[in-house]
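The block underneath contains the structure these notes are about, expressed in structure tokens.
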Amino acid sequence: MPGELVLVVEDEPQIADTLERYLRASGFRTERAGDGEWALELWRRARPDLILLDLMLPKLDGLEVLKRIRQEDKTPILILTAKAEEVDRLL
């Protein structure tokens, strides 16, 4: 039985590679998007069980991706960010 599907939304290839490697080693299947527009397209097509979402993305930022998904669905989403400000970390 295949594992749950995790959509990794990260524009930095090294970070995305690392996340995917750990997830696959733990039995998860993965799909990857490197920008916000592609993330929405993959989310609609694949209907993942979990989304790992970077905030700083090209084409469409992570907060906008989050808002659009939340208008239609309650897929669990974990936000990834390199932002250091407390207000950014709490969003």
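Any Cβ shown, glycine's included, is placed from N, Cα and C.
Listed features, source TrEMBL:
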- 5-91: domain 'Response regulatory' (DOMAIN)
- D54: 4-aspartylphosphate (MOD_RES)
Within the predicted model, mean pLDDT of the domain 'Response regulatory' (5-91): 92
DSSP-derived helix, strand and coil totals, residue by residue, for the domain 'Response regulatory' (5-91): 38 helix, 19 strand, 30 coil
